[in-house]
Amino acid sequence: MTEMILLKLGELVLKGANRYTFEDKLKSNLARRLKSHGKFRVYSRQSTTYIEPLSDECDMDAAYDAAKKVFGAVGVSRAKACAKTKEAMLETVRTYLAGNLVGEKTFKVESKRADKSFPMTSIQLSQWVGGELDELYPNLHVDVHNPALTIHLEVRDYAAFVHADPEPGAGGLPVGTSGRAMSLLSGGIDSPVASWMMAKRGIALEMVHFYSYPYTSPEAKEKVLDLARLLTPWTGRLIVHVVPFTHIQEELRRACPEELFTLLMRRFMMRIAEGMARRTGCRALVTGESLGQVASQTMDAMAVTGAVASLPVFRPLVGMDKEEVVRIARKIGTFETSILPYEDCCTVFTPRHPRTRPHLDEIEAAEAVLDVEALVQEALDATERVKIG
Ligand code: ATP
Ligand code: MG
């Protein structure tokens, strides 16, 4: 009998017709993420999804780590399958959870019985296995209220499973169940976190990055591709649309008031991102903006930049402090790369006194001297498409 990985699905989405779309997506996302770790079978039964290794070559540690990063599961555990007898379950607890049994003082056994033909009730099974363990291990005592260790027994249709407490899963919804969106990915701390947060809500992402060669270095672009790569265990494969932005920035510097530079630049980013979204079937934009973080992220500034987009703009960090964002960046593994000191195109030609309360009329007047449509089209046509993962 073999070891498996069990994923507990979120309760809410399991209701109604959604359930099957949700489960199917979760299974196909898992299957794709597990490919590089061996041959596995992925299937669902009774609100649990199972990952079963099909050969001894499967790397179960890597598979377990990968499973913890797949959105849609609230809990993940490694479990041992055994015969559906109380003796086999006790024996499996003793061998498979040997490490857990030695270290703890208090425990309880929690049983679930999906197979109603099993001759004991869940309570009888827990009491029997718990009683045996209590006698066999002098260090262990039953404490049903506040146990240090909970041993889970699950009697299912075709086998029983033994496992310790599940670890938290990635939560959220399986990527792909909420549609596709275009995320504006810079080299900073915020936009990788914003992307991650929307992927968590089930959005399949494509990325768009603006770079200003030769004002920004090739390393700065590589850093952004690295960030995208670090996100793929959570988001799945990514396409990064790399947009040359230098010509637009030079035009803005040449023809527009300096204090509006950042806002005008951000409006071009939104237009190009939206153009790219429409070309690729994305139905929303994502940015890493947070209210009040910088001059271009005041309420008025966001209104002015958002005004050029007709697709919904998701700003999942809008109400978050930098510290909270940093905490997530560390957790998901993007922080160390984000703080590498390469310049971003936003830092090129930064105005000394950026306007924090812009009016749409003055912005539109400033843009009137440019051929906006032609500049957007030129950038879209020169975009490089990079596949990650
Ligand atoms: P980040 O830490 O994500 O770089 P930031 O605090 O530096 O964000 P800004 O530079 O004002 O903020 O950018 C706001 C948002 O605009 C970013 O979160 C990102 O979504 C988008 N953005 C900024 N620069 C770029 C870029 N070079 N390419 C793609 N998107 C960008
Ligand atoms: Mg930035």
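From the backbone N, Cα and C atoms, a Cβ is placed for every residue, glycine too.
TrEMBL lists 61-166 with the feature domain 'THUMP'.
In the three-state DSSP scheme, HIS209 (ATP binding site) falls into the strand class. The feature ATP binding site is assigned by TrEMBL to LEU184, LEU185, HIS209, PHE210, ARG266, GLY288, GLN297.
The binding-site residues LEU184, PHE210, GLN297 differ in how many other CB atoms lie within 10 Å of their CB, and the one with the most is PHE210. Within its own chain, ARG266 (ATP binding site) has SER296, ALA301, THR305 as residues 6 or more apart in sequence whose C-beta sits under 8 angstroms from its own. Under DSSP, residues within the domain 'THUMP' (61-166) fall into helix, strand and coil as 39 helix, 31 strand, 36 coil. Looking at the residues that bind ATP per the record, LEU184, LEU185, HIS209, PHE210, ARG266, GLY288, GLN297, the two CA atoms farthest apart are separated by 19 Å.
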